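Novice: Right, I'll just put the structure down here and ask away after.
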Amino acid sequence: MNAATKLPGDVGPIHFVGIGGIGMSGIAEVLLNHGYRVQGSDLKPTRITRRLEELGARVFVGQRPENIEDAEVIVISSAIKPGNAELDAARARGLPIVRRAEMLGELMRLKSNIAVAGTHGKTTTTTMVATLLDAGEFDPTVVNGGIIHAYGSNARKGEGEWMVVEADESDGTFNRLPATIAIVTNIDPEHMEHWGDFDTLRQGFLDFVSNIPFYGVAVCCTDHPEVQALVGKITDRRVITYGFNAQADVRAVNLRYAGGVAYFDVALQAEGTVIEGCSLPMPGDHNVSNALSAIAVARHLGMKAEVIKTALAAFGGVNRRFTRVGEIDGVTIIDDYGHHPVEIAAVLKAARQATEGRVIAVHQPHRYSRLSSLFDDFCACFNDADVVGIAEVYAAGEDPIPGAGRDDLVAGLIRHGHRHARAVVGEDDLERLVREQTRPGDMVVCLGAGTISAWANGLPARLQKGAA
């Protein structure tokens, strides 16, 4: 009998503990589309779990030992710890326990792969690469960390050779993914609760790009000093650089913004050619940078300039990445996932480029530990906002840390020179702030990884109701 060398087709049911999570659900969906028997549990039903049920998954609400009675394999994320009823029951039965990234890696072994890593921009970049490959008729399989508007999902099964995945560095498992093409957007000190220190994180990214095969390529943004330093350490593998700087292989030039659209040309310095007249229907230098990485991959795979330009111009974006949720009385409401100071600064700069009015930022800090460790950075990242509202910290299970609360951040912003920062004590107060501070032409940007998204999505109806 020959031992299996890849994921057997008859394995299962495969049970996902926390199947509704954005990272878990995409893998579950692709497994379903490949004909595997998939089930899972989550604490409450959501749009994501309902979609998985429609695709054939069995979904349990709540996590109990009896949920895994029929399971043969258990998939967990780093959020699932000993003491979880299903994990403990699975271990008692001797079932295989598979980390999320390990299962993603098994799927990747079926294809050639493009893996997108970086502290910020992974989800948008993954979507851009998938969009271009789709337009180039590569028909890629995709597993993303956000809902792609064009798909209505964070995953799709393609029939082509290529698979595009978001490589999450948060728990250190991303450098086990078998990437053929590895993209690195940027490297900042984040997820230190896992990595311990910045040098270890740097080594993690070096391991990630060093794992590509000799026929692969690393695609790296050398506008970022840490990534440029990483490029200097990559040996015996091909590297394509991108960015705005004059040394980048794939470089954006002649960038301008009009009506929230980025217009630019792309200098392909190794080819000695320029792709003129590119446009991207979302503002922000960071988004143009992300697009450059996708263009680099597309050209590496032989895509023509006109196909690339057409696909970029029609880019539909990703949920919660500068997502326009409504416009009331000339005031635009934006929902964005940004919760790190670098992300917040980039989003607010994009808002400045997208509106001629004022920018009102409302932020819900995510985790006391992040706010505490990056406190000075948070105090300096809102300069492009005319008005800043700070909501209570979304704890994500953490205990409060002295000096790292909502009012501390408001005081810190004022101390660092912000002219108009205040606390927002709830949805009613958010509505009050917007009514008091906005006028036609302004933009309200709600930022954070917690419940602030629900506030943003509910705000247009609240404002409309009050105006009626």
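Glycine is treated like the rest: Cβ placed from N, Cα and C.
Annotated ATP binding site per Swiss-Prot: Gly118, Thr119, His120, Gly121, Lys122, Thr123, Thr124, in sequence order, evidence recorded as sequence analysis.
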Novice: Sort Lys122 (ATP binding site) into helix, strand or coil using the DSSP assignment.
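Specialist: SS state of Lys122 (ATP binding site) = helix.
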Novice: Once near-sequence residues are set aside, which residues in the chain of Gly118 (ATP binding site), 6 or more away, have Cβ atoms under 8 Å from its Cβ?
Specialist: Thr125, Glu169, Ile183, Val184, Thr185, Asn186, Ile187, Cys221
Novice: Beyond Gly118, Thr119, His120, Gly121, Lys122, Thr123, Thr124, what residues of that chain have CB atoms within 8 A of the centre of the ATP site's CB atoms?
Specialist: Val116, Thr125, Thr185, Asn186, Asn290
Novice: Quick one: among the binding-site residues Thr119, Thr123, Thr124, which has the most Cβ atoms sitting within 10 Å of its own Cβ?
Specialist: Thr124
Novice: Within 10 Å of each Cβ, count the other Cβ atoms, then let me know which of the binding-site residues His120, Lys122 comes out lowest.
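Specialist: Comparing Cβ neighbour counts within 10 Å for the binding-site residues His120, Lys122 gives His120.
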